[in-house]
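Asker: Annotation comment: TrEMBL describes 41-492 as domain 'Major facilitator superfamily (MFS) profile'. Under the heading transmembrane segment, TrEMBL lists 28-49, 79-96, 108-126, 132-153, 165-186, 192-210, 306-325, 354-372, 379-397, 403-426, 438-461, 467-487.
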Amino acid sequence: MTKVDSSSALFLCVAMGDEGLCYTVDDALLALGFGNFQILVLAYAGIGWVSEAMEMMLLSFVGPAVQSAWNLSPHQESFITSAVFAGMLIGAYSWGIVSDKHGRRKGFLITATVTAAAGFLSAFAPNYLLLISLRCLVGIGLGGGPVLSSWFLEFVPAPNRGTWMVVFSAFWTLGTIFEASLAWIVMPKLGWRWLLALSSLPSSFLLLFYKVTPESPRYLCLKGRTTDAVNVLEKIARLNGRELPSGILVSDNQIELYDTGNPSEGTNLLSAGKNDGEPPEGVVSNLGGVSSVLMLMSAKLARSTLLLWAVFFGNAFSYYGLVLLTSELNSGHSKCVPHNLDRGKSPDVSYKDVFIASFAELPGLLLSAAAVDKLGRKLSMSTMFFLCCIFLLPLMFHQPEGLTTSLLFGARICITVTFTVVYIYAPEIYPTSVRTTGVGMASSVGRIGGMICPLVAVGLVHGCHQVLAVLLFEIVALLSGVCVMFFPVETMGQDLRDSLSSLNNINST
């Protein structure tokens, strides 16, 4: 079919209502279903999620071990964790822009390389300063996590997108449990350096299979690379044993040219003189950092963006705070010991309790799967934030070890649900043109919460201020739940959108 024929077909299927002559990426994914191709994409993206979870979970073990080995102060111990989040703050923003401008594949190639190299080298750090620098680089690489989640999301059909994103989130839980098991085995015998080295291996697996990973057809279509997008969709069809819809592939942007402008002008835009490798006129194809941020703060997205930032902050602050509290409150620090007596002693981390708490994410995932496509994204998140507050309340005072572990287990279930659902919700509210930038920016704000929480979870507990520390977590979780209630959009069951103007329909639902 020639360019002119394609233009005529597009005019007929959109302007004249003959939809049999064209189809969108969403139509194609719905026809192709979730099959072998998506399973392979899920496995690849899942390895990246396992890697990030392991690198974050090991902070619970490395901090106390390094404090003992190098005679660090509680503040210096906390900064090991904060340095990782500082790097993630930079990486989440940067890689989101890179992947929106240059493609999802290039985004996660760079992040996997940085994470694997810096993670392995940090095991050989000879001093505190170099360890901090390398862990910051690891954080910069880990900041690319939202790129992988957005990449996978763009291959999943809309009707079961929530369920499969929960399955994707299960890889994070797998990573935390694996890291807790690894630490339990490695730390007592081999020490923290071996734990750092072994935890860097999953990132290197992403590099081994990078050449066979496909680019997102939604991204390719947005950039005007329709032929490349069709090639990817045909590959999905072959692996899934299905057939593509008949007609030509069009994007939301091309449809909008007819819906909002003169049809004859739209036809000219897709005439034979138009390069297939160029995006259609009216499509923002080269958004830079400033333009992307301005788009996120536009009238249609500003409210969602600001509320999403608050929820990501609360999620990261609460989640990583609970991870650190699990090791701190079960290592003797819940019974206040002055710094000068505690410093230099061998850490007494209860690997068993940390391991048990990690399993809290499994029922959290099951709850997410049950609620996300039935109760919706907003109700699921707000309910779990409020329940988390209830579980945390007794921890304001010293409790027996068994009760402490049980309460942290319950709180971890709740925060796992909110974290899982917000990573489904965030990519759904943004159009393709700024999807990874939007999620990356929100993730960056979350990293600020992650940077601050060690100073609370470690610093305040070490400083005999357990009541104040837990009260702060209570306030953050409560406010996050309130913010969720004010989200303007419920995205359950909605198609992903390609451009800002196409958000009119979803905002009206």
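Note that the numbers count up from 1, one per residue, in the order the chain is shown.
Glycine is no exception: its Cβ is also placed from the backbone N, Cα and C atoms.
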Asker: Take the C-beta pairs under 8 A between the transmembrane segment (306-325) and each of 79-96, 108-126, 165-186, 192-210, 403-426. Which stretch has the highest count?
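Answerer: Counting Cβ pairs under 8 Å, the winner is 403-426.
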Asker: With pairs 6 or more apart in sequence, are the transmembrane segment (108-126) and the transmembrane segment (379-397) linked by at least 3 Cβ pairs under 8 Å?
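Answerer: Judged by the Cβ rule, the two regions do not touch, with the required three close pairs absent.
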Asker: At a C-beta cut-off of under 8 Å, are there same-chain residues at least 6 beyond the transmembrane segment (132-153) that contact it? List them, or none.
Answerer: 41-42, 45, 48-49, 52, 55-56, 79-80, 83-96, 99, 104-105, 107-108, 110-119, 121-122, 125, 161, 165, 168, 203, 216, 423-424, 426-428, 435-436, 439-440, 442-444, 447, 496
